[in-house]
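If you check TrEMBL, you get these features:
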- 338-416: domain 'GH3 middle' (DOMAIN)
- 432-550: domain 'GH3 C-terminal' (DOMAIN)
Amino acid sequence: MALQFIEQVTKNTDSVQERVLSEILTQNAETEYLKRFALNGATDRDTFKSKVPVVTYEDLQPDIERIANGDRSPILCAHPISEFLTSSGTSAGERKLMPTIHEEMDRRQLLYSLLMPVMNQYVSDLDKGKALHFLFIKAEAKTPGGLMARPVLTSYYKSEQFRKRPFDPYNVLTSPNEAILCPDSFQSMYTQMLCGLIMRHEVLRVGAVFASGLLRAIRFLQLNWEQLSHDILTGTLNPKITEPSIKERMSKILKPDPELAAFIKSECSGENWERIIVRIWPNTKYLDVIVTGAMAQYIPTLDYYSGGLPKPCTMYASSECFFGLNLKPMSEPSDVSYTILPNMGYFEFLPHDDSSPITLSKDSPPRLVELADVELGKYYELIITTYAGLCRYRVGDILQVTGFHNSDPQFRFVRRKNVLLSIDSDKTDEAELQKAVENASELLKEFNTSVAEYTSFADTKSIPGHYVIYWELMMKDSSHPPTNQVLNQCCLVMEESLNSVYRQGRVADNSIGPLEIRVVKNGTFEELMDYAISRGASINQYKVPRCVSFTPIMELLDSRVLSFHFSPAAPHWTPERRR
């Protein structure tokens with residue numbers, strides 16, 4: 001049935017899109033937002049495109065703030081807004097709030113229901129065992145008007161659909177709901193890992209949402225295997241696990257097993273952690289993690305720990321909308337393409353060219369390309385219109401058309417627009433990094449020192465990964481250089497300047513390590529420019545890259561490092577939004 005459904009909607013891409021737009025415009029015809037553009041009940045594409053502008057989050061922010069503050073009138077959507085999904089993108093340093101409605105949960109559930117039928121075509125017997133998925137809820141807040149604001153997966157795990165889901169042999173988890181829903185990240189991870197070890201022979205797939213999350217789980221095992229092994233040996237639960245619902249559930253699962261405890265000790269006590277995933281979970285058929293976009297940087301480490309197991313990326317989704325799925329999930333990460341399902345929302349595409357960005361004017365909306373009309377090989381920015389009230393909204397994803405399934409295009413996710421650094425779900429752009437450097441360099445003034453040049457990279461060799469900033473300093477008085485303590489403090493000031501998603505990763509989720517500044521010798525950035533010019537860059541157009549990942553450049557920078565400095569404390573973060 002699921003595969004038939006996919007065939008049906010992808011054969012009729014354009015007519016499904018026409019129907020979806022008509023449904024959205026009919027449903028939301030009386031909203032304040034659509035009335036502003038005098039559609040007068042029109043539901044056709046031409047009227048919609050000629051009258052409704054393409055917008056960013058900042059354009060919608062005043063309306064979103066009104067809803068967040070308690071205005072219940074139909075502003076963006078005719079249905080009541082049920083909660084806000086917090087995007088990993090930010091505006092003015094805070095997470096974006098994406099309005100959603102109850103019926104969107106059904107649409108998301110529909111997409112989830114298609115994933116395993118697709119996977120079953122490529123991997124057999126997935127109904128004969130369990131999935132060790134490290135799933136976590138994140139901090140949530142209430143808006144002044146009383147609506148919840150939380151990440152999309154936290155919303156899903158706390159929903160009736162997830163908590164009271166019917167038994168599905170293809171989706172049996174080793175992790176009990178009590179562990180997934182525990183807000184304490186240590187207790188949650190510990191319990192999920194313990195259950196995964198106890199059921200190790202039943203595990204057929206190992207995963208987390210992002211590649212970075214799975215690597216954190218492996219690191220957790222490295223740090224905690226002795227206590228986990230002790231629990232299994234004695235059949236008693238670590239006293240650090242204090243959540244009553246977890247303790248009750250584990251009393252039914254945890255029994256003394258000296259043989260398993262000895263096995264864990266023998267595997268984890270040595271120095272060699274290569275292929276540890278298949279050594280501990282020998283029946284694992286694949287890793288279930290996202291490794292596209294910024295997560296591609298983790299592929300070599302995942303291959304090391306798993307012995308090169310396949311890494312299918314099954315779906316493409318965001319807080320704004322769930323988009324589609326990968327119909328060839330066992331393809332190499334570099335070849336992953338997603339088929340956008342035309343029933344999930346109304347999709348338009350803005351042709352994208354890095355060398356000549358299109359500026360959008362409110363007076364003359366650009367002619368965007370329909371889903372069925374995109375061209376093979378071309379790059380586009382994704383624009384969405386959703387049932388929950390977003391109209392012609394720029395998500396910020398850059399996609400490339402790689403092929404078609406029936407009449408439906410398939411896309412490679414290229415990157416988020418303007419994102420410079422990313423370790424986990426954080427996204428830091430160039431303007432934020434610049435501001436953070438400026439704020440930190442204030443501390444150097446008393447030493448008559450300034451930052452002459454800088455660049456950065458996301459260091460994912462350490463777990464968790466962390467931001468590394470290279471600084472070349474200009475000192476007016478070399479006899480009075482900035483102290484180590486002050487340079488360490490500069491790291492913390494930079495962290496305090498970064499957005500709330502970054503700070504949450506540092507403070508609450510432990511998904512990002514302390515920021516590092518590496519001070520390099522004077523003249524290093526001149527050498528960087530000489531190197532770039534030797535490779536064909538134009539001396540007139542050369543700009544210092546604000547983020548680097550090319551190995552020879554990293555080696556050049558690291559060979560010139562004079563000193564290393566780390567943030568001495570965690571930055572300030574609370575779930576409440578800054579007002």
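Placed from the backbone N, Cα and C atoms, the Cβ positions cover glycine too.
Taken through DSSP, the domain 'GH3 C-terminal' (432-550) splits into 49 helix, 26 strand, 44 coil. The domain 'GH3 C-terminal' (432-550) scores a mean pLDDT of 90 in the predicted structure. In terms of DSSP secondary structure, the domain 'GH3 middle' (338-416) contains 3 helix, 40 strand, 36 coil.
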